[in-house]
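Enquirer: Pasting in a structure now, in structure tokens, and then I'll have a few things to ask.
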Amino acid sequence: MNLYGIRAIYKFEMARMKRTVMQSVLSPVISTCLYFVVFGSAIGSRMGDIDNISYGAYIIPGLVMLSLLMQSISNASFGIYMPKFSGTIYEVLSAPVSYVEVVIGYVGAAATKSVILGLIILATAKLFVDYTVLHPFWMLSFLVLTSITFSLFGFIIGIWADGFEKLQIVPMMIVTPLVFLGGTFYSIDMLPEIWQTISLFNPVVYLISGFRWAFYGVSDVHVGISVGMTMVFLALCMTAVWWIFKTGYRLRS
Amino acid sequence: MQPDISVRHLNKTYGDGFQALKDINLEIERGEIFALLGPNGAGKTTLISIICGIVNLSSGEVKAAGYDIVKDYRKARETIGLVPQELNTDSFETVWDAVSFSRGLFGKAPNPDHIEKTLKALSLWDKRNNRIMSLSGGMKRRVMIAKALSHEPQILFLDEPTAGVDVELRRDMWEMVRKLRESGVTIILTTHYIEEAEEMADRIGVIRQGEIILVEDKAQLMTKLGKKELRLQLQQKLEQVPGELTLEPVELANDGWELIFTFDSQQEQAGVARLLRTLGDLGIEYRDLQTRESSLEEIFVGLVHE
């Protein structure tokens, strides 16, 4: 295994995060804090509890998940798209690195950034809302697993995209609506039955439900199903990446 | 001794059906400078890209330093350094970081001494902490070379290395290439500057429409295909080539004040002596004469337009 190669890619990507700390870290932290202030402290104080949890605390897992998904996709897609755009991808393609090593380097760095960001957001949330974490191990596990899965998804988008517009389409047009309709601000039990059924086709429901269970021990679906669905999505992304490198899709002609 | 690069029956057809390479066979020996010449779109960059692993081959077999580029891609690629045609650099990185990144990517442990040596050799040491975006085009080209040399490759590909580079830097690069060859590195360069190939190459390959049409030792190529020209400035103007010379490759120029005799460089002695004897017999006198050898560029143009 080319460990130096993995380290080179990983270090390069982490250095990019340091260079763009305003955009990579501060910006998502501030925008998520605004949600905490508006929905947690201001509006939340006038709303009733959900599952005996204050509204401000209830929405924390969903909001962290929103940032986690968006940043994982954004970090990983940008990480692989930029070398394609600037032409420096030639170096990665001509280097003695396997596709597994390339993915570990890019996706590992993107996931690391997302986990760091998620933990910063959680720490910041304490300033606005009082919350507890019943299952810290599972909370961290969901954080890491979701970051890896959606960084892989972002990696796929970065390879697929042939312009900056396409990099934005999936996060903005698909992931954001799925997160907002996936139980970030409410329990899906509060929806009419038909919408509850429809919601179960939204994969983000399982992520938010499992993450919320790690905080408060309550969930919309069983935590085992949440873990299973996350693993299924991870497996789908890994299959897609394997196919991309096997065929050279948009990388090697 | 096995060749450093071995290409056998290589074919490449792109997804749109365009056949870029047709049954390429080529061997490049260890430590030689091989110049690959060809017009735009001939397949030079495709051939290099396949050997380096950037483009997939359609059929055939390619080995670098004895390793198959598909089955033993790690070992094959470890031996290769590539300076691509385009100035593709990470604008926001410093020179030091960019070159160190390349070394790591190619599986080599960090070695600041080697990076320092490389940067000094390329006159980049003073710029090591500068971001690449702040460098001139010529300096960026040097960074590309430093990146390619960062992992101490055995084989170096230079794809149009001096395109857009000023004369001084071009001379510096030629000098650097010679030093690399002296250290045992095999160098394959593509170029539009025939002067470059003429100056540096040991052997020349010419590719046309995806086919290698010639591989020859440079000196032999110049001798075999080179033409010489004898120009005679006449004392008296001639209206037409005298009948005694019509069988010779002779033509009039400069309104009849100049006679040009073109001959193969291999048979120069006999041809020139015969021409001068005939002119003497005809009483045609001349004020001055010059000979001139055809350049590699003229040979190349002749080959690709055949």
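Note that Cβ sites are derived from N, Cα and C of the backbone, with glycine treated the same way.
From a predicted model like this one, the values you see are computed outputs, not experimental measurements.
The following feature annotations were taken from TrEMBL:
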{"type": "DOMAIN", "residues": "A:19-248", "note": "domain 'ABC transmembrane type-2'"}
{"type": "TRANSMEM", "residues": "A:20-43", "note": "transmembrane segment"}
{"type": "TRANSMEM", "residues": "A:55-82", "note": "transmembrane segment"}
{"type": "TRANSMEM", "residues": "A:102-125", "note": "transmembrane segment"}
{"type": "TRANSMEM", "residues": "A:137-161", "note": "transmembrane segment"}
{"type": "TRANSMEM", "residues": "A:167-188", "note": "transmembrane segment"}
{"type": "TRANSMEM", "residues": "A:200-218", "note": "transmembrane segment"}
{"type": "TRANSMEM", "residues": "A:224-245", "note": "transmembrane segment"}
Enquirer: Do the transmembrane segment (A:137-161) and the transmembrane segment (A:20-43) come together with 3 or more C-beta pairs under 8 Å, pairs six or more apart in sequence?
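Expert: Output no: the transmembrane segment (A:137-161) is apart from the transmembrane segment (A:20-43).
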Enquirer: Under a Cβ pair cut-off of under 8 Å, which of the recorded stretches A:20-43, A:55-82, A:102-125, A:224-245 contacts the transmembrane segment (A:167-188) most often?
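Expert: Against the transmembrane segment (A:167-188), the leading stretch is A:55-82.
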Enquirer: Looking at A:20-43, A:55-82, A:102-125, A:224-245, which one has the highest count of Cβ pairs under 8 angstroms to the transmembrane segment (A:200-218)?
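Expert: So the stretch in question is A:55-82.
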Enquirer: Restricting to the same chain and to residues at least six past its boundaries, which positions have a Cβ under 8 Å from a Cβ of the transmembrane segment (A:102-125)?
Expert: 5-10, 12-14, 17, 24-25, 28-29, 32-33, 36, 40, 60, 63-64, 67-68, 71-72, 75-76, 79-80, 92, 131, 143-144, 147-148, 150-152, 154-155, 241, 245
